[in-house]
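Features of the protein shown, as given by TrEMBL:
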type     : residues : note
REPEAT   : 53-125   : repeat 'Solcar'
TRANSMEM : 55-76    : transmembrane segment
TRANSMEM : 97-116   : transmembrane segment
REPEAT   : 134-216  : repeat 'Solcar'
TRANSMEM : 136-155  : transmembrane segment
REPEAT   : 229-311  : repeat 'Solcar'
Amino acid sequence: MGPITLSADVKSSSVSVASSDACNKKMRNSMLERRKPFASVSTGEEKPFDFFRTLFEGFIAGGTAGVVVETALYPIDTIKTRLQAARGGGKINLQGLYSGLAGNLAGVLPASALFVGVYEPTKQKLLKLFPENLSAAAHLTAGAVGGMAASLIRVPTEVIKQRMQTRQFTSAPDAVRLIVSKEGFKGLYAGYGSFLLRDLPFDALQFCIYEQLRIGYKAAAQRDLNDPENAIIGAFAGALTGAITTPLDVIKTRLMVQGSANQYKGIFDCVQTIVREEGPPALLKGIGPRVLWIGIGGSIFFGVLESTKRFLAQRRPTTFPQNSGTKQD
């Protein structure tokens, strides 16, 4: 009888140990789920459909937000550009504040769509790779990657827009034709280096500040943010980033609008010439309109972006229940 009792005890012990291991595994998984940053996604098995849906929704949301904010704030951007392009104490012309809007929208739509379309899946991938305390690095990197992709469309759009804003051309097709004929195809990418110098830090900082503020606010409120709250956070992130990057914006504007005159030989020559001829304060030209424009623009952009993302998420097919627990920010 003794061996039989011992055998029963061993079996019972094995079942108990297996049950204990299973419970411990579930507890560890549960703890890992709770430790994830708010902006991350579930760590379940990845599906190609999920990636392409995130990419598609990013395209739609980014394009919508970009067109809305550009149309609403184009006059302020025009004033800012003319202030920065004016040398010395030159006066600016307040006529034709919507000059070049149609052509600009043709570039803003795909550029904004491409930026967010690249940013969203990149962010989600990096948030799963990075530890929670490095979520800011994930947002910074994703913002820079999105900005680099969008720059291929943004730069020609910006060149044409700013030359029309400074009344060098009357229509976008004429601008493209004359720029290419006089300066070659590379004329459409005038100031590309300075554009990246401004926009990569700007994109990375703005989206990092926005995402980190959302994470902190969401943790404090213990709930999802509503549209007005997203808009306020977006306004603050945009205004702060806009102020910090104003000198880079001035340099970029001067290089882009100089045309074939080639007043500046490059970024460093541009900085030296501005400081020597106009003084250091010239590097902050247009900071008022820029902070106002980007602050309001950030409010509109992120408000529309989050609203559109939520609208698209609510209309996802219900045949994929594994996505129901996924957090999309």
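Placement of Cβ uses the backbone N, Cα and C atoms for every residue, glycine included.
Among residues of the same chain six or more beyond the transmembrane segment (55-76), those with a C-beta under 8 A of the stretch's C-beta atoms are 97-98, 101, 104-105, 108-121, 289, 292-293, 296-297, 300-302, 304-305, 308-309, 312-313. Remote same-chain partners of the transmembrane segment (136-155), defined as residues 6 or more beyond its termini with a Cβ less than 8 Å from a stretch Cβ, comprise 39, 107, 110-112, 114-116, 118-119, 122-123, 126-127, 129-130, 188-189, 191-192, 195-196, 199-200, 202-208, 211-212. Regional average pLDDT for the repeat 'Solcar' (229-311) in the model is 89.
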